[in-house]
Amino acid sequence: MNKTVGSTLLVAGTMIGAGMLAMPLTSAGIGFGFTLVLLLGLWALLTFSALLFVELYQTAESDAGIGTLAEQYFGKTGRIIATAVLIIFLYALIAAYISGGGSLLKDLLPESFGDKVSVLLFTVIFGSFIVIGTHSVDKINRVLFFVMLAAFAVVLSLMLPEIKFDNLMATPIDKALIISASPVFFTAFGFHGSIPSLNKYLDGNVKALRFSILVGSAITLCAYILWQLSTHGLLTQNEFLQILKEDATLNGLVKATFAITGSNVIASAVKLFSTLALITSFLGVGLGLLECIEDLLKRSFNVTAGRISLGLLTFIPPLVFALFYPEGFILALGYAGQMFAFYAVVLPVSLVWKARRAHANLPYKVWGGNLTLIIVLVLGVLITSIPFAIRAGYLPFVVG
C-alpha cells in the first residue's frame, strides 16, 4: 500500500507542472463552463489510454519498457519507432525543465554563479534522486508534493471567497477557441512515459497500478478544476482579455488577482507552487526516461548498465542542449503534442488491439471494447492536428 500511495503521487506530480497556473490564460475566452467540460473530456480520454497500458502489462514482464511492449506486438520496427519518439520527447522535456530549474536556482545563488552553473547544479541535485532509484524519487516527491499542495491551498483560500457566480456563467467569445485550447489541455494530462517505471516499482501489481493511475489523474483533474474555478470566478472575461493584451503570462495573471484580493501572499505562494511543480514533473519525466534507456540497453543490446551510467545517458544530452543549443529542444517541443499523442494514444490503442486478439481472456480489460479504441484513436489524431490548423489561420490562437 505504501508503494501504491507513492506511485499515485508520482502520477499527479508528473502531470501537475508549472504550466498549470497559466492554463486560465488558455481558457480566457472560453468561460468556466466549457473549460470544465473540456477538462473532464480530456481527463477521461487520457486516463482511458493510460489504463490500456495496465491491460498490456498483463502480457509482459513487470520491468518491460514501452519499447519492449511495442516490439512484442510490432517487432523491431515497432521498438525503433516507439523508443525514438519517446526518447526525443522526454529529452526535450528534460532540457526544458533543466533550463527552467536553473533559472529558478539562479535567484537563490550568489551573483558570481552564472546561468550554466545554476543549470548544472539543478541537474546534479535533483537528478541524483532519479539515479539512486524509484524509491528515492518516491520519498522526495511525497515531501515536495505535500508542500506544493499547502501552497496551492493558501492561494485557493485567498481567491475562492472572492469569486462571483456571474463570472462563472460567461460564455465563449468564439466557440472555435474551445477547439484551439484542446491541445494545451491534452498535454496537461500527460504522464504516460512514467507508467513503465511505476509498473516496475509496483512489481507488476495490476490493481495497484490501476489505482495509482485513476486516483493520481483524479487529483490532477481536481487541482485543474479548482484553479480554473478560482481564476474564472475572480476575473471577468473582459479582465482576462485585458491580461492577454497587456501581459499574457503567469505574472500578468498574478498581478490581476492581486488587484482584486489585495494579497501579496498569492504571488509568493504561486512562485513556490510553480517551483515545486517544475521539480516534481522533472522527477517523474526523468525517471521515465532513465528506465526507457535501461530497457533499450538491456533488451536490444544485452547490456546491463549501472545507475550512474544510466544517469549520464539520461541527463548529459539534454544538459548539453540546455547549455549550448537551447534552440534544439525548443524545436523538438514544437512537435511535443504530436509525439505525446503517438505514445500516449496511438501506440497503446494499437498495442491493445493486437493484444486482445492474441490474449482473448485477460483478467483485466479496459471498459469499452474495440469501438471505444477506434473513437479514442480518432480523437487523439484530431486533437494533434489542431495546432496545424491554428498556424494555417483556420482556428484562433490561444496562449499555451
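In case you wondered, yes, glycine gets a Cβ from its N, Cα and C as well.
Feature annotations, courtesy of Swiss-Prot:
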type	residues	note
TRANSMEM	5-25	transmembrane segment
TRANSMEM	34-54	transmembrane segment
TRANSMEM	80-100	transmembrane segment
TRANSMEM	117-137	transmembrane segment
TRANSMEM	143-163	transmembrane segment
TRANSMEM	176-196	transmembrane segment
TRANSMEM	211-231	transmembrane segment
TRANSMEM	250-270	transmembrane segment
TRANSMEM	273-293	transmembrane segment
TRANSMEM	313-333	transmembrane segment
TRANSMEM	335-355	transmembrane segment
TRANSMEM	370-390	transmembrane segment
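By the Cβ criterion (under 8 Å, sequence separation of 6 or more), the transmembrane segment (117-137) is in contact with the transmembrane segment (313-333), since 3+ such pairs are found. Beyond its flanks by at least six residues, the transmembrane segment (335-355) meets 45-46, 49-50, 52-53, 55-56, 59, 66, 69-70, 72-74, 82, 85-86, 88-89, 92-93, 183, 186-187, 190, 192-193, 362, 366, 370, 373, 376-377, 379-381, 383-384, 387 of its own chain at Cβ-Cβ distances under 8 Å.
Against the transmembrane segment (80-100), the recorded stretches 143-163, 176-196, 211-231 differ in Cβ pairs under 8 Å, and the greatest number is found for 176-196. Counting residues 6+ beyond its ends, the transmembrane segment (313-333) has Cβ neighbours under 8 Å at 88-89, 91-96, 98-99, 102, 116, 119-120, 123, 127, 130, 286, 289-290, 293, 305 in the same chain. Of the two recorded stretches, the transmembrane segment (5-25) lies close to the transmembrane segment (273-293), with three or more CB pairs under 8 Å once pairs fewer than 6 apart in sequence are set aside. Spatially, the transmembrane segment (273-293) is adjacent to the transmembrane segment (143-163); three or more Cβ-Cβ distances between them are under 8 Å for residues at least 6 apart in sequence. For the transmembrane segment (370-390), same-chain residues at least 6 beyond its ends with a Cβ under 8 Å from one of its own Cβ atoms are 45, 48-49, 179-180, 182-183, 186, 337-338, 341, 344-346, 349-350, 352-353, 356, 396-398. Remote same-chain partners of the transmembrane segment (211-231), defined as residues 6 or more beyond its termini with a Cβ less than 8 Å from a stretch Cβ, comprise 4, 7-12, 15-16, 20-21, 23-24, 27, 32, 35-36, 39-40, 43, 46-47, 50-51, 54, 152, 155-156, 159-160, 163, 168, 188-189, 191, 195, 198, 202, 253, 257.
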